[in-house]
Every structure is written in C-alpha cells, then in structure tokens.
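The structure appears below as structure tokens.
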C-alpha cells in the first residue's frame, strides 16, 4: 500500500521571506566589514634540528582578513627565495637541502615569519634551525684498580646537538644493565658496586645521536683480591653531586657515590628544609637522585648524606640545581581606540629565568624611543597620537630559553570638523639658547581654535626627549629658550579646538648659536723622564663644549715662582710634552678651551712633581683612566707599560676633592688594575694620582682629574626608594671567606630591615653563578669562596616592600692558600772557604703565592742537637749566602716557602761538605766575603770543581808555552847579536838607527846598531798588549780568583835587554801580594801588582764588575741570574749591607 501523501506546505508571505533573508545575510561569514577579525597566527615556526642535505619545513599560518602576505626573516634580515628556499602557499618555509657550516652559506640561525594585511603586520616567535653535531670526547674512561668488594666508577662526557645517548661496552660487548650493582647514569657515568673478579676487563662508552656515533678509548678495571679481614673506616663520598643548570621539563641526575665499611646509607635532603617532590623524583641505582619533568619548584640546593649504619658518622656533599624557564606573560597589552593628539598606554609584563628582555614592535618592526614614544620596562606610552600611529603593536619577551609575543591594535579616531594644520611655520635663531618660532593660523575652522601647542626636540641622535609648550590662540609666535648651544632642533605646531586637535604642521629645523665652553677639559699628567711632563686631556663632552673647540690655552709654572708660561695649541690637539724642566720640582698646570666665541673657564691648577734625577731605574708611570660610575662613585683603571722592566712591588693611590686635603695612600697589589672610589659627593671635581713603587723608591706618578655627575631622581615611582647601605667594607678572613661590614642608611622610620648581599668573581660571564645572601645584620662572613680570587660585593636593603639600589661595588680578594709544596731545584755551591751560595726555584704551581722564604742550615753536630741557623728572604729573591762556615764540617740545608696564610713544607735536605783549609792556600786567599762583596763575586766566581780544574790546566799549559817561546827568543837574540858584532868589526854594513826606536830601552838600541842583513829580526815579536789572539780573544789574564785586564802601559821585555843586566836584575825582581779594593759606588777592582818599595815598576790592572760583562760565566752559573735582585744577600731581611774592602793575594805564577 502506498504511503499517504504529505500535505503541501503553506505559502509564506513575501515579508517573512525578506526578513529571513536579511537574518541569513547577517549571520553569514561574508568578507569585508562583516567578517573582520584581528590578524593572528594559527601556527608558528618551532625549533628544529636536522642533518646536512636534509629537507625541512618551518610552519607559519596566519589568520585574518585576506589578502595576507607572509615573508620570512633570518637573524632579523629579510630572506629571498631561490632554488633551495621556497615560501609555500600556506606561508610555510621549505628548504630542500639544508646547508651546513661547510657550505658557502649556512642555513643555521633564527627564523621568523611576518604576516601582513591592510590593518598592519605581526611577527612570529623565533625558531632556531640547528644542525646535528657532535664533538670529540671531553672526558673519557680512565683505567683504575679497585679492591674486591669496593666500588668502581667510569665517566664519559661529550657535547652534541641533540644530546647524545651514552651506552657502555664491556670487552667490546654491550654491558647488560640487569644487575642492581651496575648503574649507567644518563650523564655518562658508569657505577659498579661490590666489585668482583668477574668485573675485570675493558670498558668503553658509545655516544650516539640521530646522525653520529662515537666510541671512547678503552679503560681497564683491575680487581685486587680482598684481605681476609676488613677494617672499619668512615664513609667517604668519592663522587658527589655537581651544580646543574637545566631547562623546564628536562630530566636531571644528581650523582652520589660513597664508600665505607660497613657500607654507608645514602640519603637526600634540601638545604632549605623543603620536602623533595616524591612524584617526579626517584633513586637511581645506589643513591643517585633522578628528577624527571623538572619544574621551577625543583630548583634549590640538594644535600647528599652518607651515613654509617647505626652510628652518627656521616659526610655530606651538596650541589645547586638551577632551573631555567622561557618567558611567560603575566599581563598582556589590550587594543585601544584613541583620538588624534591623545595618549595611548600599553602594559605588558612577563616573567622567566633568566629575567626576559622586553621590547616593542610596530607592524613587525622594532620601536625606538623618541620624543613622543617612550618605552619603560613594562609600558609603551605614545603621546600626541597622529594618524600614522594606527597600527598593530607587539610586546616581545625574550631570554635564553625562547621568545614569546603578544599583540594589540591602536585605532586612531579622526574628527571630521577638525581645523586644518597651522602653516608657513618658520624659525629664527635669537642666541645660543633661544629660537623664535612663528606660524600662520589654519585655513579652515581657524575661528574655533582655542590653543596651540609647540613641540620641539633635538634633531640629532636617538631617544631624544620631546618637549611641549601650550600657548593661547591670541598669538602666532613664541620664543623657546633654555636650549643647548650649537644644537639643531626640530619644531612643529598643533592647533586645538573643542572637538579635537588638528594635524601636525610641517616640521622645521633650526640651530642655536655657539657659546664659550661650559667647563675646561680634565687633564692627566705623567712623566717619562725627570725633565718632562706629558699633559693629555680628553675632548670636552658635547653637552659642555657648546660649539667647536678651536683652541686650547696651556699655562704652567713652578710652584715656587709667579711667572706663568702660556702655550696655545690647535683644537685638534689632545696632548703636549713639556720638556727641559727641573728634576724633583713641583709644577702647576692648567688648561682653557675656546670656541669661535671665546675662551671658557680655566681649570684649577693641577700640581705634578717631576721625578728625581737618579741612576736607579724607577717604575714608569701607569696609564690611568678615570670614569664616573654614578654620582658618588668613580672607577679607577690603569695599565702598566709593557716595556717597563723595573720591578714593581705594588701601587699607591691618592685622591682628593678640589680644595680639600688629600686622602691616601691606598696600597694596591701588583695584580690590581681596577679600584672603585665610593662615597664621593655629586657634582664635585676630584684629583687622583697613582704611582708604582718597589723596595727601592717610588716610581713616576700619573695625575688626572674627573668630575662626578649629579644624581638623577627615580622616575615613575609614587614612593621614592630607600637609600642604599653605605661604607661597605670588605676584609679577607681566610683563603675561602671574606668579612663584609656596612652602615645602615640614616633613616629611622622603619625598624625591620633586611639586606641582600651580591657576590661574584670579577669578570664573571655566567649570571646564574652570582651568589645572593640574606641577612638582617649589618655584617656577614661570606664563605665558600675560591682562594686567591678577586670578588666584587654589593649590598641593598629591603624595607616596607621597597628595595634600595645596590650600594657601590667593593672589590676584594681572598687570601692565597699556604704553599702546598716546597721550593724546588735547591742547590748549594761553595764559593769561598767559609761561604756558600744556596739557590732555589719557587714551588711548583701557577697559583702559589710566596712572600717569604725560610732557610735552615746547620752542621751535622748542630743538627743532631737541634740547633739550626735561620735566614729569611723576600719572596722575590731565590738565593742567599751562607757565611762563617767552619772548615771540615758537613752542613745540611733545607728551605721552605710561606705567605701571609701559612708556611709550606720544607724541601729535602741538601748536604754541603766544607773541606779543611790547606796551609799553603790559606795565606793566599781572602778569608771572608761579606754580603756586598758576594754580590760582586757571585757574577764571576760561581764555578764548580770541574771548571776550576780545567782553568788551572789551561793556565799551566799556556805558561809553559810562553816560557819555551821566551827561551827560544833569548837564544836567537844572543846568536844574532854575536853575528852583528862580527859584521861591525869587519865594517861591511851598518844598521839604520830608526830600527833602534822599536825596542824598549836605550841599551837594546845600542847593542843592535850595525846589524844590516837582519833588520826584520830586530822588530819586537810581541806587541805591547799581553798577547795577540788571531781568533779575536781579549787581553784577559785569569788567575784562581777571576779575570783581570792588564793596563796598557809600556813594559820592558826581558829578551830586548842586555843579558848581563838581566842577570843582575833578575834576583831583585819579586812579586808582592796584590791588594784588591772594592770601592763602593764605583764597583771597580784595582790590583797593585808591584811592591810600593819599587816605584817605576808599577803595573796596574783594573776591571769594572757587572754581571752583564761575564758572558761566559752566565752560561755556566745556575741560579745566580734567576731574579732581578740576585746577589742581594743579608742575614736578616732588614740588615744593612756594608761595602768593605777585600784583601787578596796574587798567585806566584802571575
């Protein structure tokens, strides 16, 4: 049966259909005004890691009114498409083959997409495109030996991106992790407990990423059989937790591995006594703490404690877990609608670790502050809104963990019946600080104008402040004063009516006239020699220059005279050298700058003393730099001349306010190159001078002046912040602690005050390592610091939910650790019968600081009785003299190093045997050398036994050869004389008389007359010098006490004299002991060789002493030239050195 037919629908009237159609149109998503929605991102690019030659797609999809154009930026610069890089239809970026560092152009970097439509543009978050990389192993397993039943630990460390997965192999096979006593930590550590013989073998780790795989070196584990009975020992943590910095949602492991008998129990706690999160935390292996899905609340200090069961014996180790978090918004900017000439304020706040950096964008471009637009930490303020300000604004928060953006739109509403802009604006310069501005009334609705506003700002530079002046409608000109001289300004005018403001007028730019400089340059004075002063100065800041400096006038005079000498220098000059001055005199110097208008104010007289004229080499003046840090603090920096070879013991710093007494000296160490002067007065001029000094005298000083600026008031605060603590004082307590003390600010309204101390090493780059400590006292002992490290400290106070600024920074160094080792290379050399020279080298270790050495020496008899003789030397000296030694004894010598913290261990004992004196030699050698003489002889006579033997053999051979030659010459001379006599008797020839003048003595000339055929044999065979060396030797005569240069006075050679006279005079010739005088100040050794009873036969020898002249000895003497103060000996560090004469004897062979 067919279904019944449905009744036909009733026809609706046309009016109802029309209303339904209109409702459908209103609800339909039509384009244009009907479907307007703000521009936003549906998908943004994300961080990605790829391998070379792989394709990659960075997503970017925007939503809003079409058409939407998408462009891409890489590292802030616009990208262009090519064969490899293409922007897809949905806005995403496609790279077909990623190029790495080896290619011509790397694709690594930060990418952002920019979406734009007719309402504005927005910028996406940053996405980092990185290549998969892996480095070489930073830490590899090390072979070890472990007792059976003990614990073994191997470690691997490697840097890679993404992080590598580390596994372990045992004897080249994968190490199973099924046993509880073996634990492999994700950080690359392998732990083995209850080691047995089956664990012996080779271990290595394997690091693998998606694209790389590396194997470490093998390390062997040797198991030593255990003893039958194990002795008790307290727990020891052999691998404690390390400080870790991680990101949110990562997994971290805090290692804690301990040994002991019995096996210790390992427990974990937090230093702040908070409970450990049990849901995301578990113990891995035998005591390692693993935290998964790390959150901000997991940050803190964790303490590992190893305890002996059933006892209170325990040991602890701790580490800090720092959790970094990407930025997140706390407050978002909201879209605004404002009229023309109104003010718009956007507020945006974000948090993160580390604190994010805030910036603002307009249509995807970074905003820079100017007169109308100002940016604070969390605000964007736009004054005097113009139509061009209608745009989309974004707040961007960025830190090391990422970036986020939030957007808002500013809509500018314009009134239809507003007046037109003022026109025909022009400016005229009136003076160095005033400009006249004039304009015409608006062409339309000028009768409705109720006021004008004049806007002006500096034309040069960024972040210039814009100023506004409101005047009535009854005038069309205005004089703007209080302007800066020699500056360009930009002006525009706005007209106001009850319905709103007009458009801006055209901009005009005009400059002010020049003026005289507001203040003089700040000068620096140094000396390079005792007769000059180098005057240098910095250019005057533009704020105070007030024009172009064309001239400097330099004035100087002696402090004891009234006459002033004046020099005029070009405006491009910034230093001048005054020469021809008097040494050790005080000079006064001042300077004046001038522009085209005229001279400005002169500086105050600055004094400088020229150095003394002395032969002692004093340290040169350091290069000094002063910089005001704030209105009460000046940073003093300096640098010593690298070419300065003078020894420096430290620095002296003086400073004074202009017209006040000088403060100082402040003694600074040689390592200090920075000092902060705090607690100064604002807007004051200070004079600072610095010099280097040593144990001899002060060096050349550097003088400089600097002015402190005025204090700037804190803006945008209803309640002013409290003042910071002052008079912060630091003093080193130990090598790992510094005591701080400060004063409370002078206010008593609040009773409860807390302080925060900031502490970090100078030059620290990682901000997460800065230490913050809390206290309610005005003093604190900061512990756990590194030895011999310079730290900076600052303090701020907290009261009534307000925090003060940080106090001026104070720098101080921890004390060094006591020397851990003894001096090395100890050597003892006998240089006289009763004097020995001991030398050494500083203890090993670059961080070892030595301020004093202690030398203990004693004979064996005294050593057995415990009686030591003690000498002390400064840390810069590495040698000393041991005097008054007794012959026939064996001496024991040992040395230790010490500093202000403590004394290090003594070196191994070194023995020195002093041989008994021989009677024949005892009368010919000096009995004793004092300290001053030893200083001279140490450069020449530091010879060992082998060297003395070689010299003696050489001298003996030389004397034998000379004696043979003399005998041969005498024999030949007799033969020739006999032949000449016979020839004279025969009357055949006659000798020219000129030949006789070549011989020494009249007697020889008479005997040689008449020799004709043997003229050449009558020439002297030896020149007046001691000898002739064809190899370029010197006329040096060496005896057992060192080298002596013979005088060049003429002598009579024996073989030129008559043989009869020789026989008569030979018995009368004798050698007397030579006397050597050491004359203080001349350093010359004088030897009188002949007896005072035989005048006319005197032959003197002289030789100036100096280490530099002994080129041969410097290659063979060890320890005598290691310091610049070598030879500066005394029994005590404060003994005076007396220079005395030394009586010496000349051996008979000379």
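Backbone N, Cα and C atoms are what each Cβ position is placed from, and that goes for glycine too.
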**Asked** Looking at 488, 766, which is the one Swiss-Prot tags with N-linked glycosylation site?
**Response** 488
**Complete:** The candidate from 90, 754 that Swiss-Prot records as N-linked glycosylation site is 90
**Asked** Of 171, 313, 630, which does Swiss-Prot mark as N-linked glycosylation site?
**Response** 630
**Request:** Just give the helix, strand and coil counts over the domain 'Ig-like 4' (327-411), going by DSSP.
**Result:** 3 helix, 52 strand, 30 coil
**Prompt:** What Cα-Cα separation, expressed in whole Å, is found between residue 630 (N-linked glycosylation site) and residue 90 (N-linked glycosylation site)?
**Reply:** 54
**Between residue 90 (N-linked glycosylation site) and residue 488 (N-linked glycosylation site), the C-alpha gap once rounded to whole angstrom** = 49
**Message:** Treating G and I as helix alongside H, and B as strand alongside E, what does DSSP give for the domain 'Fibronectin type-III 5' (822-917) in helix, strand and coil?
**Reply:** 5 helix, 51 strand, 40 coil
**Assigned conformation of residue 630 (N-linked glycosylation site) - DSSP reduced to three states** = strand
**For the domain 'Ig-like 4' (327-411), mean pLDDT (0 to 100)** = 88
**Fill in**
Among the glycosylation sites 90, 488, 630, the one whose Cβ has the most other Cβ atoms within 10 Å is 630
